[in-house]
Amino acid sequence: MAVERTLSIIKPDAVAKNVIGQIESRFENAGLRLVAMKMVQLSREQAEGFYAEHKERPFFADLVAFMTSGPVVVQVLEGEGAVLKNRELMGATNPKEAAAGTIRADFAQSIDENAVHGSDSAESAAREINYFFKDEELCERIR
Ligand code: RTP
Ligand code: MG
């Protein structure tokens, strides 16, 4: 399987719960490597732009309010099949439907406050990584 990159966000609820390290351990144990990371407080404009694909959806205003409610960790994960692997580690959008042992099953409380974001395709990953990081901010990792 090809080595690829995906955008991951540890959302405000998980940052507030102080489980950043526990979530990063899931990625490390699955063989994914961080190649960029930063903690940021998103502006409304940044959150709206990031989730622009959802702007006509009824939950859009709540989603933007939540994503700007506190700092987030924005990061790029690299590894074989990283996009799908990250989605599997995250679990279903609604934590009540997320498989046991996934990040959302263990750390999220609701579909609105669901601990993590992960790119849903290679195309989304390329766009989302470019949205938050300059090329020179992505580090080469020795494997
Ligand atoms: P994300 O983009 O955050 O990784 O989540 P996802 O792919 O699993 O879900 P997506 O469909 O992209 O939705 C983005 C976020 O919007 C909220 N949402 N609420 N109330 C609802 O029906 C609903 N549907 C989605 C969730 O917080 C989801 O993470
Ligand atoms: Mg999504």
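Numbers here mean position along the shown chain, with the first residue as 1.
Glycine too: its Cβ is placed from the backbone N, Cα and C atoms.
For the recorded site, H117 (active site, pros-phosphohistidine intermediate), the DSSP three-state label reads strand. H117 (active site, pros-phosphohistidine intermediate) is surrounded by 19 other CB atoms, counting those within 10 A of its CB over all protein chains shown. Positions annotated as active site, pros-phosphohistidine intermediate by TrEMBL: H117.
For F59 (ATP binding site), the number of other Cβ atoms no farther than 10 Å from its own Cβ, over all displayed protein chains, is 12. The ATP binding site annotation in TrEMBL covers K11, F59, R87, T93, R104, N114.
Residues annotated as domain 'Nucleoside diphosphate kinase-like' in TrEMBL: 3-140.
Closeness to ligand 1 is met by none of the binding-site residues K11, R87, R104, no Cβ falling under 6 Å from the molecule. Counting every protein chain shown, 23 other Cβ atoms lie within 10 Å of the Cβ of K11 (ATP binding site).
Taking each Cβ in turn and tallying the other Cβ atoms within 10 Å, the top scorer among the binding-site residues T93, N114 is N114. A distance of 7 Å separates the Cα atom of K11 (ATP binding site) from that of H117 (active site, pros-phosphohistidine intermediate).
When the binding-site residues F59, R87, T93 are screened for a Cα within 10 A of the Cα of H117 (active site, pros-phosphohistidine intermediate), the ones that qualify are R87, T93.
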